[in-house]
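Annotated transmembrane segment per Swiss-Prot: 121-141, 152-172, 187-207, 225-245, 259-279, 290-310, in sequence order, evidence recorded as sequence analysis.
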Amino acid sequence: MGESMTWVQALVLGLVQGLTEFLPISSSAHLRIVSSVFFGEDAGASFTAVTQLGTEAAVLVYFAKDIWRILVAWTTTLWDKARAATGPRVPIHDRPTTRLPVLTADNEHRFAAEAQRELDYRIGWYVIIATIPIGVLGFLFKDEIRTGARNLWLVSFMLIAFALVIAAAEHYGAKRRPIEQLTTRDGLVMGFAQCLALIPGVSRSGATSSAGLFLGLEREAAVRFSFLLAIPAVTASGLFSLPDAFEPAGEGLNASGPQLLVATIVSFVVGYASVAWLLKFVARHSLNWFVGYRIVLGLVIMGLLGAGVISAT
């Protein structure tokens, strides 16, 4: 059996989760590194998954209006399409003659609202479609994700390797397409990119945002869709990991129920501030600011591993 987690450790790890979840530096890698370097034990994949519920709750609150609008547009448009498909057919010669509407302020507002509704409907589908790959792979490789994928040699390597991917995306990405031009192909590519985040050190936001940049999306559009895309996957992962987190077994730090709750609340509060800051940051700055940090951190961890200061497992 592992050691019991202290309240200080729970607070620190909740803070780390909130600070790093939305930055392209991998929150799972930071929880793995901080718990091992400073506390001598791995907090575990289940602890990571459950505290991510706090940061995803922050996304739900921050994007509440967007999410509600997408849900309403998706359900109502789907219902309208279903009714139109099953309704009575009107012969062409019996259909009323349509006239081009007179362009007025009211019409412009209505057209804009319809365009927004169509976009929200499409984004709803894109999130659903893009979530399928990580759902399948996460289920098939759940044991490997909780064990071998948390090896610090692999984590440090992925921190460095994906730093280069992010830098390449910033350099070669056209960054011309707004979120209104998002397509099914974009959603699928970003969905498969999200699967890479199953490996600590990659970063969910880093993987999906980089994919969006390679596809030519504007940086802010790529990051915004990245946040929306993470909601179903991270929420499902956290709920799936709840039983293991509350009944820990084996090596590592074991958190109690109250400690998990406090860590999750801390991650929510800090995560909300983090997502608000990042969206403002990417509107004016590139993701290259995080590249150097990832490389330095990866090299430091490799150095500590090579010197025998910390254990890889």
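Just so you know, glycine gets a Cβ as well, placed from its N, Cα and C.
Contact count against the transmembrane segment (187-207) (Cβ pairs under 8 Å) is highest for 121-141, out of 121-141, 152-172, 225-245, 290-310. Long-range contacts of the transmembrane segment (121-141) within the same chain: residues 70-71, 73-74, 77-78, 179, 182, 184, 186-188, 190-192, 194-195, 197-198, 225, 228-229, 231-233, 236-237, each at least 6 residues beyond the stretch ends and with a Cβ under 8 Å from a Cβ of the stretch.
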